[in-house]
Structure formats: structure tokens, C-alpha cells
Amino acid sequence: MRKARVDFSEEVFKKDDDAISVVKALLLISAEDEAFMALNREKDRLAAHIEGRNLSDTHTENFGDGVDGLYIAGRTMPMWLARFDFLAREVQDLLISKGSTFKPEEILKAVGSVLFKIQGFKREVANLDTNSFYLHLVLTLGSGSGILICIIYMEVCRRLGVLVKGAEVGDELLLWPLVDNLQECYKHCTGDRRCYFELLAFHHPAVLFGSNIGPSSHSSFEVPMLNFATNKQVVGMVLSKLKNLHWKDACKVRPGYALTDPLHPLAQVKSTQGDSHELAVGALLRPKSLRLAIMASERLRLLCPHDWVLMRDHGLLLYHNKRYGEAVQELSICAALAPSGDRHMLEHFVEKLHLLHIESSWSSLKPPSAPSTLA
């Protein structure tokens, strides 16, 4: 786990954003989370052995930093990256068989044919499963979230010499090939999406994205409609979805419970009145899913160290995990950076966290049946 986190940090902190490999960063996320889940399975087996029970060993774990690097689901990092080389060769073979001259529009069409027709990749309709956001699982199962399918498409195109950028539209990526004849790329689109693509192709990328790709006849647009997402931002989009989905898994016993609910004024009034049900939220959460949400949040904080919203969410995750000292530190910094409307609410919550932190330090001195000092 430590090796994967260190490698992830080195990858995303490269000086040039274009030098960051999105697929490698996502595979390192998979490596760390897979190692954590394997560790939990090992703990379960050890506990069962101590209790005199035998659990069937259905997983063969192979982790570590051997000659070929980290293992992810039994394969090394070079083996997973070679999967993209294989897809690129499939596209090349398809183009050669058709006598193609390897024009960008022909490459884009061939990549779509290989991924979606030959290999059978498909987008999950509802992105409610964390498996849809782990790259190694999407490559294995052939299905995943829209953003992961887009990332695979972009990586295969990059290996074939066609640069495709993405713009964040909600929780998805709008792909945009950086070629001159965009109308040629979209002219074969049919069905409900045809008018949408024709509208996009009508505008020059300099209008939509504010980039200096070439002249634009639509000089009246002063503010770009969309912005290209950097490689670091694309990784952050995937981490944000993982954090939110793991949080939902963690609080399934309390459906609809939001991460920021403890900051609500009503929740703080209840805690002041000694409502132990509100104070003991952490006891009702699934520990493994909560820990995975915290791990995703930690990596998000590496990407955006000065984002006060990410600080707030990370501090609240630590609070739910009863790591009160760390939560106090995180939320205190967050309160200093937050807008005035949120600052008072955060400062009031941090005061209560200080009391919880003090009380938790006394827990070893109290008998198990002693009531909460704060309550």
C-alpha cells in the first residue's frame, strides 16, 4: 500500500502535466485499494483460524514490489499497460486490412470499432458500483463508467498519434480530438446524437475551449464555453467518484445520510443536548468502505492541497472514523480558508471535536459502561 501511494504521488507531481500518465495513476489507485482489501481478507482468515473456523481460500494474493513492480489482481503494472499496446495493435491491423492511409478521422473511427464492436467495451448505464471506476476491472470485465471508457479511448488514440482531450461536463468527459477537420470526424454519426455532434463540430475548438488551435470565425465569444481538463483533473474526477461511492457503501445502514450532515445546525443542537445516536455515527458505518473513502480523499488532497471543500470532506471522513485529532487539524485549516458563511459553522464544529478528542484520550481510563462525558 505504501509503495503504491509513493508511486502515485511521484506520478501526479510531475512538473509537466502532459507527462502524467492517467492510466498509470489509475492503476496505482487500483493497486493500493486492492492491497488494502487483500489485507482485510487476510485479517478475516486469521480471525477465523483463531476461532477454529476454516474459510475457503478463494483468493491468491500476489502483492509487493518485485522485479516487474506492483501486482494488481495477479498482474504486474507493465502487463496492464501492455493491454493498451495490444488494443493499439488491433486498431493498426484493422486499418491495414482496409488499406487505410491512417488519417486522424480513420484512426478515430477504427478505435471505436475495436473497442466497442470487436472488444465489446460498454458503458454502464448506472454508475453506482465502485467496480466501474477501477481501471483494471474495466479492462478485465469490458464494462465500466463513461469516464473510464473515455480514458481508455483517449489512451489508445494517444498511442496511435492522435491527441484527444476531454472536457468535464458534469460527472462525464466530453472528448474532443485535436484535429483540423472535425466535421469529417463526426459526419458518420447517426441517431439522436447526430445533431449534438454537428453542433459541436460547427464551433471551432478555440471557441469551445479557449485554446489556440487555430483561427475561429466566431470571434464574438469572449469567454470559452468549456475548458480542457488536465491529466491531474481527470484523475481527480475518478477519485471524487470513488470517494462518494465508497461513502455511500459505508453508510448503507443510514440511507441518505450525507457526509456534511454533522455540520448542519440541527445536528449540532442535538449533539449538545446529548443525543448519543447522532454522536455514534461512526459505529454505524462499514469500516472497510469508510477506510477506502478516506484513502480516495487522501489522494484527492494530494492533487488539490488548497481546496477548502476537499479539506472539509476529508476532515469529516476522519471524524466519522473517530480520528478526532487529525479531524481537528484538518478542519481548523479548512475553517481558515472557507468563506465567511461556512467559517462560523466549521469553527463551532471544531470546538466540539476538541472535546471529543479529549474524551477519547480518557477512554482507556474509564470503565466500559461509563457514559459519554460530552453527552
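Here the Cβ of each residue, glycine as well, is placed from N, Cα and C on the backbone.
Residues or ranges marked as domain 'Protein SirB1 N-terminal' in TrEMBL: 82-177. Annotation comment: TrEMBL describes 133-154 as transmembrane segment.
Across the domain 'Protein SirB1 N-terminal' (82-177), mean pLDDT in this model comes to 91.
Taking H, G and I as helix, E and B as strand and the rest as coil, DSSP gives the domain 'Protein SirB1 N-terminal' (82-177) the counts 56 helix, 16 strand, 24 coil.
Long-range Cβ contacts of the transmembrane segment (133-154) within its own chain (Cβ-Cβ under 8 Å, at least 6 residues beyond either end) map to 22-23, 26-27, 29-30, 33-34, 72-73, 75, 80, 83-84, 87, 111-112, 115, 119-124, 127, 164-166, 171-173, 175, 234, 237-238, 241-242, 245.
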